[in-house]
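See structure below.
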Amino acid sequence: MRRQVKKVLREKADDSMKPGWDVYQPSNDVVYAFNHYMQGSQIDAEAREKAEKAFQEAVKKHPFHNNADHAVDFHGTTVFRNAKGKVCGVLIPKALPSFATSMAADVLECAVARTSLRSALFGGVSPNSGIAGYFDYRGTPVELKCRKTSFTYEHTKEWRSVFPMIDYTSAIYKAALPDHWKAQDAAVPDVVRIHGSPFSTLTVNERFRTASHTDNGDFDNGYGVLAVLKGEYSGLSLALDDYGVCFNMQPTDVLLFDTHLFHSNTELEAKEANATWNRLSCVFYYRAALGEQPCVEEYRRRLKKAKEEKSTSLSFNHIEQKDNGENTNKPAPVYPVPLTPFSCAASAWALRGCAAAMLTRLHGLVRENASLMTELFGEPVEVADGLPRRAPEEIIPVHKHTNVQMHYLGGFSEKGDILNEAMNKRHYLDKENLQKMFGEEFVNIWTQSRTHWLQLVKKEWEHQKETNPTRTRFSWNNTSAMNFAFFDLCDVAKQLMCGAFGDREVNKKEEQSFWGMFAAHLDNACINEIGMLQGSMGMHKLNVKLKDYNFGGTRYLKDMPPEEQERRRRRRLEIEQARRRAPICNSESGDWLRNEAFDYQTEDVAVNYEREQWITPENNAKRFGFPERGVYGAEGAATGTISVLIVLPKPTNHRQKTCELPTSREADRIMKNPAAQRLLCAKPCNIGLSTSSNKSRTVLCGNIRIDKVFDGGSVGGKMYDFVIMRHLLAATTGEREPLECLVRWTSLARYCTFVVEVDLLDRHHYILKSEIGEEYSAVSEICFSALYSATYARDKVNLRTTPCLLSFIDKSGNMLESRFKFNGSPLNTVAFVVRRREK
């Protein structure tokens, strides 16, 4: 069953889930967990049309973006700035010591833990998210606000294992962006800062992919920090959607970024739909509401109460109202940067200073002079009439066809196949299954409430049968004790549902699905446990009463005497407390719901790095070479001549013989676009150089000196600022030749090399529909080889995919900084920015 996240259908984020509110799993996408279960194919055409229109409008507000939607993938240490020079993101690979992320992951996995019951009830693999640290809980039904999260409260001892990761992350933030770190550190109230850091809250996500969103509630004058703690996966890069760039992240990597920019995750790069993968990530941030007056007053109230009770373990004597700044929760303004391979390379931290200034100069020149871009790379940054973009119908959707929210009247749908599904899953509410998820106390409450209602139903049924022995249908008395017992049982069931969904807001389809199983469970109990006839109670009657509970229960409560209203409220609180005390990851039970103690910072302990023989956070941050001012400074202007070497594949004596090309829709897409036709008709671009000479040819363009040479030729021992290897590896064979080619030419670059190649993988490779992907794979190599042969006059062509090219780059002793994708390129060209690995 495909499931898609509810959040794409809502305009406002659920603060309790930020920043993972609009997440989904690539193999388990959700707008509604039980879309087929609740609606199925029986929905009428008019309703389907309205639903699809509503869904499309929602997706416009919160779209999912794929890797192909972005021009740049950053891999190395990167500082990406907007057109006004403001830092948008800082990527630091291998930033955190692995022992620190491992220790933290062991604890924080419990914060997102779900049991197998939830998957059994609602299908698929549960996407997990949780919060730790401190939270304001505004806009939630939690009565007591501005305090520890339930996870932190219940895992005080284990929580200490997270502190090294907190310290390392804070030190990196301080070293890279000291001004913002200081502003955030000055604003966060001391009572809710995590281990002396400028963070108040962690959001932990497991197996999550987010749609485009901004993080609501973060401190406006700070940055959020994303770290990947553990995982085995490819893809899922963090993308800044308005800038067209992605940050590739793996375990121990850290990304500092402006969370008020729209961002999302690209697709999981796994071709098999059932591929095994996992990813645990953590977002560190300051929840600005915790510094606003309502929360400060709550801290003061608790402190005053603790003093009146003569508490001896107070960590504070007074609460200071700090300057919290202005937090508008509005998206940050966007100042786009035109993207070229040079601007892409200029973002590499390793190329800062003189190299970045040169790259910025080259970027400006190719922006002003499109012919210079073609002279250097063989094609423009973007080709309007080249390889066409994929149509939506060619791509596996994030969701299957879904039927979006309609007016909810409580209860559940009574369509035949849906009722059958509910009956098939009714046993998940049996006691032995509930014990897998909930503690004994809560299961006992469920059992007692269920037994009490069944006893009253049995008593009422027997009375009705005595009055009329031929009766076959149960008559429900709305004023009876049985009715009130049913409402009480519904209160217990509602807490069961909340627990199964991890206290997140449940969308209406999920809620209807649950109540359908609940009704099927009770109807079966009436038949098999108290001897009622098949259909005497019936799903329809229970559905009517569930609608009454959802929309009429509050009205009945208001009509009750005050003492009964208070008893019902206490009863509901008792049920919720029992459910929350369910053991998760062997947590220590605690009365979190009613906790009013002034227990801020009671979990804090010092970390002795010297005793543990761990690198200190400050020394760890120094590894990345950030200056005292951080990464804010823009590069100066380049002066003097910039030298560039272009290396071309040597043409053979004749073009590749014309071969019979396949005929198919995919072959036509590659070969018959106007840009491809121009390549086939034009003279090969490397014919102008003399094939009889092995020496380079020099072209001057202002203060740019461009040398051109064939692969195998000589440059007379010169070094160059930058080298552009233009489609060389496609002219090599085997494993050894491409490595030797890379080693030779990258060694001549003072700063970096651009490895420009055809990528045999379709840009949407991992999300192409299977029939489209198979057709593409069958023709792509022969078609692109024909285009390459026409462009470079080569007999033998060995085209490769990005993963294969990345392997060559790594084995050749080079480091990958980034990848640039030429939009619409008829050769599906990509440029890898690489530099020699430091010894």
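Glycine is no exception: its Cβ is also placed from the backbone N, Cα and C atoms.
Not measured: the values here are computed from a predicted model.
Copied from Swiss-Prot, the annotated features are:
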| type | residues | note |
| --- | --- | --- |
| BINDING | His213, Asp215, His263 | Fe cation binding site |
| BINDING | Arg279 | 2-oxoglutarate binding site |
| REGION | 86-288 | region 'Thymine dioxygenase' |
| REGION | 415-583 | region 'DNA-binding JBP1 domain' |
| SITE | Asp548 | site 'Involved in J base recognition, conferring specificity towards J-DNA' |
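Structural mapping of features recorded in Swiss-Prot.
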residue	record	DSSP (3 states)
His213	Fe cation binding site	strand
His263	Fe cation binding site	strand
Arg279	2-oxoglutarate binding site	strand
Asp548	site 'Involved in J base recognition, conferring specificity towards J-DNA'	helix
Inside 10 Å of the Cβ of His213 (Fe cation binding site), count up the other Cβ atoms and send me the figure.
24
For His263 (Fe cation binding site) and Arg279 (2-oxoglutarate binding site), determine the Cα separation and express it in whole Å.
18
Among all protein chains shown, how many Cβ atoms are found within 10 Å of the Cβ of His263 (Fe cation binding site), not counting that one?
29
Looking only at Asp215, Asp548, which of these recorded positions has the biggest number of Cβ atoms within 10 Å around its Cβ?
Asp215
Return the residues near Arg279 (2-oxoglutarate binding site), defined as same-chain residues 6+ apart in sequence whose C-beta is under 8 angstroms from its C-beta, sorted by sequence, else 'none'.
Glu206, Arg207, Phe208, Val228, Lys230, Gly231, Tyr233, Leu236
Could you state the whole-number distance in Å separating the C-alpha atoms of His213 (Fe cation binding site) and Asp548 (site 'Involved in J base recognition, conferring specificity towards J-DNA')?
37
Please compute the mean pLDDT of the model over the region 'Thymine dioxygenase' (86-288).
90
State the Cα to Cα distance, in Å, between Asp215 (Fe cation binding site) and Asp548 (site 'Involved in J base recognition, conferring specificity towards J-DNA'), rounded to an integer.
37
